[in-house]
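Undergrad: Sharing a structure here in structure tokens format.
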């Protein structure tokens, strides 16, 4: 299969939404029956985002095969059916590490290692390898044109486009067209300068996607086309919308997909966007509203919980409920009390690392249990629910995780030293293992117990969900907690690790060690989140048993 490439770059400012624009194009092309994949090239020197602060970089998205990747890959999976893998995201750090490893091994036979050709060739090789077996590969380069970090990537995609030829490669550039209220018009000069910068490194964009708070007037589109060397029909307006799921329809109405198919000589049927139309309809026509409290410590940057936020929205669509997320800093609960949780229809405690704010999360789990408020715990959210139950119901005073208190009398959560992965291999870790890339990562099989809420929600005896953790329930103390009434409803493939717990004495109290948010999509939702939001709706209407 011959793969055609669309390289996506951004200019003027960062955070314009390259990932959303690229994913929207991918969604339309997929709706035309084409097999599409996506890639994100990140210019930073970290090998992967696994050890980066969520408040700096946003969430780390975990793929099925266990790669810790950029949050844009989450957008890709929510917009198209293709599952991302380790090959769909790589960083400058990863490329340099691989090249230096080869140099040490002697693979270059004594050559002087340089950015050109060695680094650029390594980037090109990875792009080609990551796109095999698809009709179209959309390759997004992180950062902004002009950044020094992205130059090797820009040079690599320039070379690749030359080698592939015009019939197999094209460039889409996303830029900002600001509206100046004082002048009463949009300004095209930043876009012209951005394209000029791109031309200076040998790249002529074929499509310009113009971000603005309004549609670009026809005269301004003509001006952009004239001064940026693109056809007028290739100047696409991407105005601000109240839902990112409206963007595929917005850009399709301007013929973005036709530009691609014409360029590559692809004869494909018209895009069927009926699934996206259904999503937009559900979003615009809710029958009720719920407020869900998200108790975390990275709340100053909502992107730190991007997939959880989106999964809650998807669950709202499935239940025809408008979901409002109220972020609650777990440290504030420690200082101001659980009164901060009053008036919520449900409580969600997401994943996290480190002891800052952990007692606030434990108190949130206690509040939900005692007040019969729907509770969903994810990763650390499951562990704090277990710790709270052990302390306050099972009589294990001072129970904790060894992540936060190595001297606790009741270490109900401890480091996983050994587990069996999806392929049957035994993975081992110790306290001295590196932080980066050493967690239990990726999709794992989980057995669900009969007669549990988890089994009822999923409607299946076995499921596959993605993990990202290095601490687990301590099996030595597990019987004591179960005897006190907590139900273990999900177990790992070898039935040795606890994957899900629930409280049978509570109307809806479910927690999972895995991250269900990574597999939720706007078209399909996710059973765990759908059940959680449904319970929140019942609670808000007073239908919950107290």
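A Cβ is built for glycine as well, from the same backbone N, Cα and C atoms used for every other residue.
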Undergrad: Per Swiss-Prot, which of 40, 222, 223, 233 sits in the UTP site along with 14, 187, 188, 189, 190, 191, 192?
TA: 223
Undergrad: Quick check on the annotation: Swiss-Prot has 380, 381, 382, 383, 403, 470 binding L-glutamine, so which of 352, 354, 442 does it put in that site too?
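TA: For L-glutamine, Swiss-Prot names 380, 381, 382, 383, 403, 470; of 352, 354, 442, the listed one is 352.
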Undergrad: Return the residue out of 70, 72, 303 that Swiss-Prot annotates for the same ATP site as 15, 16, 17, 18, 19, 20, 239, 240, 241.
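TA: Answer per Swiss-Prot: 72.
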Undergrad: Mean pLDDT, the domain 'Glutamine amidotransferase type-1' (291-542)?
TA: 91
Undergrad: With DSSP assignments reduced to helix, strand and coil, which class does residue 140 (Mg(2+) binding site) get?
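TA: The residue in question, residue 140 (Mg(2+) binding site), is strand (DSSP, three-state).
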Undergrad: If I take the alpha carbons of residue 192 (UTP binding site) and residue 15 (ATP binding site), what is the distance between them in whole Å?
TA: 19
Undergrad: Where the distance is taken from Cα to Cα, which of the recorded positions 15, 140, 379, 380, 515 turns out closest to residue 188 (UTP binding site)?
TA: 15
Undergrad: Using C-alpha positions only, work out which of the recorded positions 148, 189, 190, 379, 380 is nearest to residue 17 (ATP binding site).
TA: 190
Undergrad: Where the record says 14, 187, 188, 189, 190, 191, 192, 223 bind UTP, what is the longest distance in Å from one Cα to another among those residues?
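TA: Looking at 14, 187, 188, 189, 190, 191, 192, 223 as a set, their Cα atoms extend up to 24 Å apart.
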Undergrad: When a 10 Å sphere is centred on the Cβ of residue 517 (active site), how many other Cβ atoms does it contain?
TA: 29
Undergrad: Taking the residues 352, 380, 381, 382, 383, 403, 470, which the record names as binding L-glutamine, find the longest CA to CA distance and state it in Å to the nearest whole number.
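TA: Across 352, 380, 381, 382, 383, 403, 470, the two farthest Cα atoms sit 14 Å apart.
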